[in-house]
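What Swiss-Prot lists as active site is 227. Marked as active site, proton donor by Swiss-Prot: 275.
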C-alpha cells in the first residue's frame, strides 16, 4: 500500500513518521512536484492539480473539516480527480471539542455583557447593567452538521433556547429544527446569537448579507466559525454601525490573513481570531485516517465521505 502526503504548512516529517507507525504495512512518502509514481491513497490540503490528476486512487483524504479547496479546483480542472475516487474529510478529530469551547466561551461573554463592560472600561465608566434572561437569549446554529451538533450539545448545558437550520430537518433533543430556504426567515426571527457553521458551497457563499441580517432581532450577535466567504463584510459592518448587529466574533474572512487596512480590525464591536476556532489535531487525525483506511481495505462502510454534488 502506497500513501502520498502533501500539506503546505504542516510538519511533513512528523506526519510521515506517525502514519508509518499507525499503518506499518504502508509505504508513506511526501509528495513533491514530478512524483508520478503509483499511490493508493492521497492525504492532502490545498493539493496541486498535478498531485491527484490521472491517479487510480482508492481514496483521497482532505486534511481538514472542509473540502472546498479541492472541490473548487475540481470545477476548473475536472481531470484532477476521477469521479469514482471517494473523497473524505476529517469529520471531527478533536475539532468538535474546540468548536464547543470557542462557541460556549463567546456566548457566555455576550450573555454576561462583558462586551459592554469592556467598552465602559475603555472610558473609565462604572455602571452595572441589567442582566439578560436566558429565555430571551435564543441561540441559532446555521448549519447542522457534525460540528453544529457538537456545539448544540455543549450549549444545552447552559439551558439556552436552541434552534438550528439546515438543508434537511434534524431531530436533536432540545433543539428546534428548521429546514429549507422557506423556513430560514422564521429561524432567524428569534436568534439573539447566530452561530455560522455552514459548509462552503455555491449556495451558501454570501448568505450572511444585508437581507439575512435584517431578519435577525435588533441587537443580535454573530459568531462566524465556518468560512469567510459566507459573510458580505460590508453588509456586516453596516449592520454593526447601525446597531442592528450588536457584536461579531469572527474567526474566518474573505481574505486571509485579514489585510491590515480592513475596517474590521478597529471596529469596537468586532473581535477577531486568526482562523483558530478548530485546528487539525495531528495525532487524532492520524488515528482517524488509519482507522478509515483499514475499513476501506476490508470493504466496510465508513463515515466522512463527501458528496461532491452537495459540497460536504
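Placed from the backbone N, Cα and C atoms, the Cβ positions cover glycine too.
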Local Cβ density at residue 275 (active site, proton donor) - other Cβ atoms counted within 10 Å: 17
Other CB atoms, at most 10 A from the CB of residue 227 (active site): 22
Alpha-carbon spacing, residue 227 (active site) to residue 275 (active site, proton donor), which is rounded to whole Å: 9
